[in-house]
Each structure stands twice: as C-alpha cells, then as structure tokens.
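The following features are taken from TrEMBL:
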BINDING   B:Cys101, B:Cys106, B:Cys142, B:Cys146  [2Fe-2S] cluster binding site
COMPBIAS  B:8-18  compositional bias 'Basic and acidic residues'
REGION    B:1-22  region 'Disordered'
Amino acid sequence: MLTNPLTKNIGAEDAAPDLEAYRNNDGYRGWLRALKMPPEDLIDLVQKAGLRGRGGAGFNTGLKWSFVPKDRQAHPIRYLVCNADEMEPGTFKDRLLMERDPHLLLEGMAIAAHAIGATSAYIFIRGEYHLATQRLETAIAELNDAGLLAPETTGADQTLRIYLHRSSGNYICGEETALLNALEGKRAIPRAKPPYPQVSGLWGRPTVVNNVETLCNLPHLLLHGADWYRKLGHGEDAGTKLFGASGKVNNPGLWELPMGTTVREIIEQHAGGLKAGLTLRGFLPGGGSTDFLGPEHLDLPMDYDAIGKAGSRLGTGTITVLDEATCPVGLVLNLTRFFARESCGWCTPCRDGLPWVVEILQRIESGAGEIDDLELLRQHTSRMGPGNTFCALAPGAAEPIQSALKLFEQDFIDHIRGGSCPFH
Amino acid sequence: MEEQQLPEFHRIPVRQEGEAPQLSAEEINEIDEERSHYECDGAAGLEALRIVQRKRGWISDESLRAVSAYLGIAEAELEGLATYYQLLFRSPPGTEVIQLCKSSSCWILGCEQLQADIIEELGIGPGETSTDGIFTLLENPCLGACDRAPVLLMNGELHTHLSGEKLRALLAEKRRRHADQSTD
C-alpha cells in the first residue's frame, strides 16, 4: 500500500509533473470518486478519516467543512480559499508541495470545492514564492485547457474557477480572517469571530480556508479510503505529514513521515543529528509561534495532542533546532522582533506590548538588563495571552518567550548578572 | 455572479476628469483580468497596485492617482493599502532588491553577520538604497527555505547556503553586470 501520498510524485529533479504525467499516476482519480459522492458523505468521510488542519491549528478538516450552511438555495455562492501564505518562521513545507506537485494541490482543492459547493476557489500565495506561483499558473492553465473543471466533468452547474492571488506581504495574511480581508482588497486585519468564515467569510459568503498541505491530503484519502488513511499514522493522529528540521543539524530538510513519528527520529535519523561538537539544547516543534521543548521531550510523538500535553503545539511540524552554542535569549529576541514588526496594529497588547518586549529582550541581550525584567517579561506574556487579543498573533508570540523563560531561565540570569551575552 | 454596487463613498472622484494620470493599455488589461476574478470591484485596488508596481518598479503618487481614477477607489484608501503591505513600495527601490531572510533558522546560521557584510559592502542598512541606485536592502520575515539557510531573495531569485564569501561574490557580479550595461 501507498505510504507516502504527499510526496509520491516528487523526485530528485527540481521539476513538477505536468497534467498528463500526473493523470497517468492516479492523478484526479480521487476527485472523480469524490464527484460521485453526495457532499454530505464526502464531508463525513474526511471527518471520520481524522484529517486535521496542517496549517498549525490542527482542527478536524471534515468538521470545519460541516459548518458551511447546507441550504444551497439560501447560500448559492460559497468560496474555497487555499492558504498558501507560508510565512511562519522556520516553516518550508508548502513551498515543496506547490513547486513539485502543483496538481496534487489543485486536485485537493477540487475535492474540497465539491464538498462545500464552491464554484470559485482562490489560492492565496506569498508574493515571495515565485517558482511555486509559476508552476501553479501552468497547472491551472493545463486544467482549464483540458476542460476538466467544466460542468461536463464535474456535473456542477458552473465551471470551477481556480484563481491565484499573489499576496503583497505581511505575516498576518496567514490568519484566515485577515487573509479574507486581503482577498477583498483591504488591509489585512483580523476579523472578530464569530461569525466564522464557514458561515460568513469572503464578501459575507460561506467560505472555507484550508492550508496547502491539508488539501494535498485529500486526493489519496479519497482514492484509498478513510481506514487506509487512519492507519498511516503511528499514534493518535491519522495520515502522514511533511516534517522538517532546520538549524545546526547535519542534514536539514523535509520528509514525509507518519503522524506520530518521534522528535528523536526526525532530528537524529532524518536530519542526521546535530553538527559535530554540538548538543541539543531545545527545539521549536512547529514554527516560531510554538513553545520551546527540551531534550527530555525527544521521545514524544509528533502528534497534535502529545505535543500539546507537553506544553507546546505541533504547529507546522517543521522543527527548529536550538544547539547549546547558540544564545537562546538572542533567538527569542529575533523571534519577538519578527512578531513586533508583523503586528497589524489593531489591538493594544500586540501593537504596544510586543515592541516593549523587544526593548526588554534587547536590554537583557546587550547586558543592560535587570533581574526585575524577567518578571516584566512574564507579565507581558500573560497579557498577550489568549483572550486578550483579536487574533492569535500575540498569543503565538508569547509562546517562545514564556517557554524560554522556563527552560533557559539561567541564561537570562547569566546575561543580567554577567552584564553581557555569554555566547559572544 | 450577482452584481454588487460599491457603497457611494468609494466612488468619490478624487481628481477632475482629464487631469488624472493614465494607466497603460497593458496595465488596464491586466487589472481588468484580475478584477474579473472577484465578486466585488473593491478587490481590484490591491491587485492594481501590485500590477502597477510590477510595471513601474514602485507606486508613485501619479500611479496611485491613476489607479484611483480608473477604479473609482479613493486615493486615501489605496494609500492605506500601499503603506500597509510590505511588498508594495511607495518610494523607488534600487534595480536589485535584496530581501535578506531574518527568520529564526537563518538567524541561527548567521544572517546578522550577512547583514553586517551587506552594510559594509554597500553602505546601506535595511530599508535603504545604495547611492548608485543599484541595491536596496530589505529584511524578510522568512523566505521558507530554512533547510537551505541562510538565504536571500534578489529580484525573485533565491540564493541559498550563503556565506560572507558567497555574498560578496554575488554582489560583485551584480555590480559588474550593471557597470557593463551602463558602458554599452
């Protein structure tokens, strides 16, 4: 049985299969199967398969779809949006899927569009992803030229239109309601929820926003079934995932592995361990907005709940490795600078809190910090926490800070007591 | 799809007719194509700014007014977009825009040193353009190539596994190319 559904078409060569090659390799068969199913059955299948959102939040995809109003007469226009705004620091997985197998994403989108009854779909892609944009453009043109999205194939009333929207930048565009504002041509500022986009999204229409990798899971899930999909995972979670590792490891990269693969296997086996002479100090399991975990967590399975119970989040599943020769305070400062700059400015804890935290961290890193600063930092992380802000940006920014204060507290103290950065 | 009217305040003309700067036929074609992708015309404003910048390198006051006049979107609203989004430029960048990745992975692998090298080589910090008008340096949050860190993007081209040496060679090559062009 197939064990690498996400990467089976990805070879060593930096090229993408064209429509013909993709179709010759089971391509668009999952979609044709989905078209024969009533949307409710399709939603049910995906929900039962246990596919969870790969953008970071890990919400059950079928369940997300099920919130779209069923009454098609009352809601004739619905939208599907693919979130391809990969911008989380340390994350590089969607790029691979879009550059190397664009038709897999398009097939996934066609399946999702059928499930929710959308006839227009947008791919919201980062402005910096030039090659991925180019390859997706080519693949969309191939599909349209072949007439595959026309009513004759889909049985729908209208042709499914898939459009590329190139983002003009900003991390916050990856937040789904901010993304919808950007698509509407506005400043990308998050919206209050509820209403959720599934009920009132793009131009007030029912809208589903799914991550690239989530959508890429659909074609084979449809072709091989929910049982097969569930069994791909090693632990609690179903399916496979693109896991990655970067930092000072011997073989930084990206690998499709079963959900529930241990952190140790990813770092030691696939990434080849840390570079000579270095030892592991900690790691961010899935991007810059996840809490640091330590060497004691190496045997944890990369599952949403297992990583959650350890006090962090699986996030995007691309691990950033911190070695013991790299300054944790400096790394947290780098991350917080990023979040401070990317704040949309809408709410106070984020707009004003983050630059303040940057100032404190800068002070500590340069050796001018005071011991009271640690308490101040802790206060800030709780003020920026969930429930105090419009969206998840500031709570996400707080995660590496609050966990670094626990795991690497002595480093902060050494900076303050020593009056300089011990790593310089 | 059903037609939707924009609220009236979006349609206030900002310049008298005849006075408005013009968009080229090519720009208008592209904007109209993008506009046809959306239910509501308002979405075209952001797309139009992106298109105009691609043709002209940046968004001047004249370009902004031309887009405003063509789409009937208030200048202030477009200004709000142009100053919000990082990849829209309200002042002219150099011909080579360097987007240096400042993500956590690139930081671990030495992007601060690369930035110091660029400052030393070109005399420009983030957000600045070299006096010869060739290079502009911008910091990028994460270029999504952490497995090949440290990286930078220069005019759409990704340069990976950078070292100080590799960076200097790259800058020297770009400089040479520009010198050759100016003596042609």
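Note: Cβ is positioned from N, Cα and C throughout, glycine not excepted.
Keep in mind the model is a prediction, meaning the values are calculated, not measured.
A helical conformation is recorded for B:Cys146 ([2Fe-2S] cluster binding site) in the three-state DSSP classification. The Cβ of B:Cys106 ([2Fe-2S] cluster binding site) lies under 8 Å from the Cβ of B:Cys142, B:Leu143, B:Cys146, B:Ala149, B:Pro150, B:Val151, each of which sits 6+ residues away along the same chain. Look at the Cβ of each of the binding-site residues B:Cys101, B:Cys142 and count the other Cβ atoms within 10 Å; the largest number goes with B:Cys101. Cβ contacts within 10 Å of B:Cys146 ([2Fe-2S] cluster binding site), excluding its own Cβ and spanning all protein chains shown: 32.
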